């Protein structure tokens, strides 16, 4: 009987977890069983005190691995807007001062960009994914370039998706199907870079 390796996805964000599951499942990684934080004993929240996405992703994966002994993957992601000097960056989820309030965060972002012309509204979604296991640590980064729309459009996705228009498209990320988003998104790109390490884990 083939051994099954348990992989802990260290996130409490259900929408992010679903996206991670879709991408990993779509890669056809046999031999891996995905677990969420809800499947293990309660873990303390890892504070996002890093100055980079990589710092935060690695801290979350390290904490999960240390607490459970399970190979753990974690993501930290956000939006970098050129006209705002790369902000909100690692502060994306709490840009308005209220953690996880997507509507408030988006409203503040649009207000800050209200006088910025279209040609200067460039931005990129960034995702850093970290894998920590008994074999070591791997950290990768994916970016999804685009621009910021002037008003929200679409009901899909989460976070800043309704105002992010990927280069080469006229729809926002919130107007893409899950499959379309997974194929091109920052998280999808980061996970694609992580797949060799995950395959080694599954066959190890």
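Keep in mind that glycine also has a Cβ here, set from the backbone N, Cα and C atoms.
Secondary structure at residue 11 (substrate binding site), as computed by DSSP, is coil. Listed in sequence order, 17, 20, 36, 37, 60, 74, 75 are the same-chain residues six or more apart from residue 11 (substrate binding site) with CB atoms under 8 A from its CB. What Swiss-Prot records for 11, 12, 13, 14, 15, 16, 77, 158, 159, 160, 161, 181, 186, 187 is substrate binding site, and it gives sequence analysis as the kind of evidence.
Within the same chain, residues at least six positions away from residue 76 (active site, proton acceptor) with a Cβ under 8 Å of its Cβ are 48, 50, 53, 54, 55, 56, 57, 60, 90, 127, 128. Annotation comment: Swiss-Prot describes 76 as active site, proton acceptor, evidence class sequence analysis.
DSSP assigns residue 76 (active site, proton acceptor) to a strand segment in the three-state reduction. Annotation source Swiss-Prot lists Mg(2+) binding site at 76, citing sequence analysis.
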I'd like to know which of these binding-site residues, 13, 77, is least surrounded, judged by other CB atoms within 10 A. 13
For the binding-site residues 15, 159, 161, 186, which one has the sparsest Cβ surroundings, going by other Cβ atoms within 10 Å? 15
